[in-house]
């Protein structure tokens, strides 16, 4: 069962679902909560490596995964981030989310931004039961013009579904979970698989 706005407000009030900072009620509509872009980004460098072998996370050409992207860069609220056409950037949400073990979240882009070419997640849009932390967005500019992003702009919407029962292995209790208590922009940890 998908939660409606009234349900979302009740889950937040009971602190079963935690979104920090607590969302203003104007951000909770229909079946979603609007969330904002954070101020932490990681950019991919231009490089000479020809490909990444996803089976072992090695880059053909001698580079490691950490060498193909910048360290975390923190932007001020007024500082624009320019996303060129055909470019991918990792960034975090402003909000931190703590999910209970009987709820799954879904991250969706905003239609108004998508119509300008902005994809806010490459494919990873599920927020697992037991998740705790910022959400990393894999933002891609599929449009023809450079897009200007700014910290704290409304960027996405979260919706939530109640599960038939609490999961046996919530994300926060799994030993192999690679992104537990994620704070900021954590790059791919495919090498830990």
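Heads up, the Cβ atoms here are built off N, Cα and C, so glycines get one too.
Under the heading dCTP binding site, Swiss-Prot lists 110, 111, 112, 113, 114, 115, 128, 136, 137, 138, 171, 178, 182.
Summarising the annotation, Swiss-Prot assigns active site, proton donor/acceptor to 138. Same-chain residues at least 6 positions away in sequence with a Cβ under 8 Å from that of residue 138 (active site, proton donor/acceptor) are, in sequence order, 88, 90, 120, 121, 122, 123, 124.
All protein chains included, residue 128 (dCTP binding site) registers 19 other Cβ atoms within 10 Å of its own Cβ. Secondary structure from DSSP puts residue 112 (dCTP binding site) in a helix. Cβ neighbour count for residue 137 (dCTP binding site): 27 (other Cβ atoms within 10 Å of its Cβ, all protein chains included). Most Cβ neighbours within 10 Å, among the binding-site residues 110, 112, 114: 110 holds that distinction in the structure as shown.
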